[in-house]
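K.L.:
According to Swiss-Prot, the protein has these features:
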- GLY15, ALA16, GLY17, HIS18, ALA19, GLY20, ILE127, SER182, GLN373: FAD binding site (BINDING)
- 276-290: NAD(+) binding site (BINDING)
Amino acid sequence: MTHTFAENYDVIVIGAGHAGVEAGLAASRMGCKTLLATINLDMVAFMPCNPSIGGSAKGIVVREIDALGGEMGRNIDKTYIQMKMLNMGKGPAVRALRAQADKAEYASEMKRTVERQENLTLRQTMIDEILVEDGKVIGVRTATNQKFSAKAVVVTTGTALRGEIIIGDLKYSSGPNNSLASITLADNLKELGLEIGRFKTGTPPRVNARTINYEDTEIQPGDEKPNHFSFLSKDEDYLLDQIPCWLTYTNATSHEIINSNLHRAPMFSGIVKGIGPRYCPSIEDKIVRFADKERHQLFLEPEGRNTDEIYVQGLSTSLPEDVQQDLIHSIKGLENAQMMRTGYAIEYDMVMPHQLRATLETKKISGLFTAGQTNGTSGYEEAAGQGIVAGINAALKVQGKPELILKRSDGYIGVMIDDLVTKGTVEPYRLLTSRAEYRLILRHDNADMRLTEIGRQVGLVDDERWQVFQIHKNQFDNEMKRLESIKLKPIKETNEKVVAMGFKPLTDALTAKEFMRRPDVTYADAVAFIGPAAEDLDAKTIELIETEVKYEGYIAKALDQVEKMKRMEEKRIPADIDWDDIDSIATEARQKFKLISPETIGQASRISGVNPADISILMVYLEGRSRSISKNKSKDSH
C-alpha cells in the first residue's frame, strides 16, 4: 500500500504522560526529529492519581532518570510543596526521597520544557493506527486521517487504551480524569498481533481543605535539611516554605460502612473485570483482605498551593458516591468534609510485556516500542523510567547505533524492565526495594555514579550535567584516596582526642578510612583528625563517602555477585534457536523459553519455572551447537 505522509519524523511518541514526555525529550535531545502526540494538550505530564513523586524504590528511579539526562527530577525540584527523605532510621539501601507536588504547576512546567525543546513537536491529536509494512513501523494515522511517517514509534498511552471509569454501577468509556479513551488504537494493537491484557487501577476521592478539622489529625511536615531529586539542583534553592500533610485513620464505623455495602462494590459485584494492583489496593479490598486490622492509615495530601483539593491517600475506591460520602464522614477530622471529586476505578488494555525485548521494542514489529502503564506497570516513576529507555532506544535504532540495555546491576530501571520482559506480570507491577538483589549498590546517593556515563555515551547527558558530574566524581575519588592514605597512630595526643569525642581509644595504627568504618564515627569526626579536603565537599558527596566507607565489605560482595552474573549475561542465545531440538529439558522450561525467547543465559535463568538443571542442559546444547557451526565453517573454508 502506498502512503502519502503529511509530515515526516524520525520518532513518534503516542501519549504525553510521564512515560511519553521522557521518551519524547530523550529522542529529541539525541538529535531525532520527534513528534509527541497527545489526546489533550492540557494533560501533558498530568497527575491523575496521587500528587507526589518518589517514595520507596520510586525515589531512586527518579534519581536514575535524572542521572541519565531525563527531566522528572528537575521538574519536581521546581514544583514541590513538600520534600521528605523516607526510611532514615534504616540502612542506606532503602532510603528514598519523596515529594508532594503542586499538581498543576508540575504539569505546566513540564509542558513548558517540552514546548521549548529543539527537535520536538507537541501536538494534540488522536492516533488511531500504527502503520506497519514488512514487519517494520513506517508511521501513524490520526483520527482525522492525517498520516505521519516515522522510523520508530513509542506507545505510551497509560490507562487510555479502551479505558472505562467505574463508580458503583456506573461504567462509561473514558481515559484518566474523564479524558477521551483511545479505542481504535487499542483495536489496532490487537490487529498487529500483540497479546493484550486488561488491568485495573483506581484513585481516592478528593475533599475540600477548608472543611477538614485538622485538630483531630496528626501533622506530617517536610524536611528542613535540603534534599533534591536532581543532581543539578542546589541546596541554596531548597524550599523551606513547605505545606504539611496530615495523618488520620479509618475505624470500626468506616469498616462497617464498607462491609455493609460490598454488594454495591464493583470489585465484588462483578462489574470490574480487570486485575488490580496488589500493592495499592482499594480500601474495600483492604477491609476484606485484612479483616483483622482495626484501622488503616490515611494521609491527607494537598494537591497544590492554589487549590483546596486534598487527596485522601489510602482511600482508593470505586464504591457508589453516596457510600463514599458516608465513608469520608466516618473518619476522624473528616466528619464535615465536602467531597470535591469522587474516587473511581479505571479499567484499561495493556500490552503483555513478555512480548518485549529489554530495549522495550516489541519482538514482533521492528521499530515499535511500548512504555509505562501500557506495559502493565503502575506509578508515574515506573512509567518515566521506561519512557526514557524506550526513547533512547528508539533514537539509537533510527541512528543505527548499538542499543541500550540496562542490567539489573545498573539500576532499579534495569530491574523493572528485566522483571517485565523476563517474568511478565499478571497484575499492575510496582517497584519495591525487595525486587532488587543488588539493592546495596542501587542507592539514591550513587545514581549518577552508576548511570551518568551511560547517559553521556548515548548522547543524552549535556555538557552542563557532565561537568557537574565530573566535579562530583573527582571530589569523591580524591577524598577516598586521601582517607586511605592518612594514618592515625595510637599515640597519647590522638587517643586523648578520640576518647574526648566519646570513642574507644586506638590500639593499632589505622587509616582515616578504617577509623570511619566504626559504626559511630562520621566523616566529620574523621576530618577533625585529618583536616578538611582541599575542596569544599557538598552534602551529596559526604553522604556518598560515608556510605561507601561504612558498607565497603558488603558492597564488595555485591560487586562480586554482579561479576558472576555478568558472565551469564554475556552468553548470548541465538535468535534462531529451535527449543524443540534440545533434549532432556523440562516441558515447563521449554514452554517458557518459547514464550519469552530469552536473549542471554542470564535472562533464561531468571524465568520463573526454569531450574538450574534446565540452564545446564541449555548451556551444553549451545556449546555443542557452537562447535558444530565452527566445524562446518572450517569444512567450507577447505
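Every residue number used here counts from 1 along the chain in the order it is shown.
Keep in mind that glycine also has a Cβ here, set from the backbone N, Cα and C atoms.
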K.L.:
DSSP three-state call for ILE127 (FAD binding site): helix, strand or coil?
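P.N.:
Strand, per DSSP.
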K.L.:
Give me the Cα-Cα distance between SER282 (NAD(+) binding site) and ALA19 (FAD binding site), rounded to a whole Å.
P.N.:
24
K.L.:
Which one of the binding-site residues (ALA19, ILE127, CYS280, VAL288) has its C-beta surrounded by the most other C-beta atoms within 10 angstroms?
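P.N.:
Answer returned by the neighbour count: ALA19.
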K.L.:
Can you tell me how many other Cβ atoms are located within 10 Å of the Cβ belonging to SER282 (NAD(+) binding site)?
P.N.:
27
K.L.:
Under 8 Å between C-beta atoms and at least six apart in sequence, can you list the same-chain neighbours of GLU284 (NAD(+) binding site), or say none if there are none?
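P.N.:
Set apart from GLU284 (NAD(+) binding site) by at least 6 residues yet with Cβ under 8 Å, we have ILE258, LEU262, ALA265, MET267, PHE268, THR317, SER318, LEU319.
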K.L.:
Find, for the listed binding-site residues GLY15, GLY17, GLY276, the residue with the lowest Cβ contact count at a 10 Å cut-off, counting only other Cβ atoms.
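P.N.:
Result for the binding-site residues GLY15, GLY17, GLY276: minimum number of other Cβ atoms within 10 Å at GLY276.
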K.L.:
Would you kindly give the Cα-Cα distance separating PHE290 (NAD(+) binding site) and ILE127 (FAD binding site), rounded to the nearest Å?
P.N.:
43
K.L.:
If you pair up every Cα among GLY15, ALA16, GLY17, HIS18, ALA19, GLY20, ILE127, SER182, GLN373, the residues annotated as binding FAD, what's the maximum separation in angstrom, rounded to an integer?
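P.N.:
That value is 18 Å for the farthest Cα pair.
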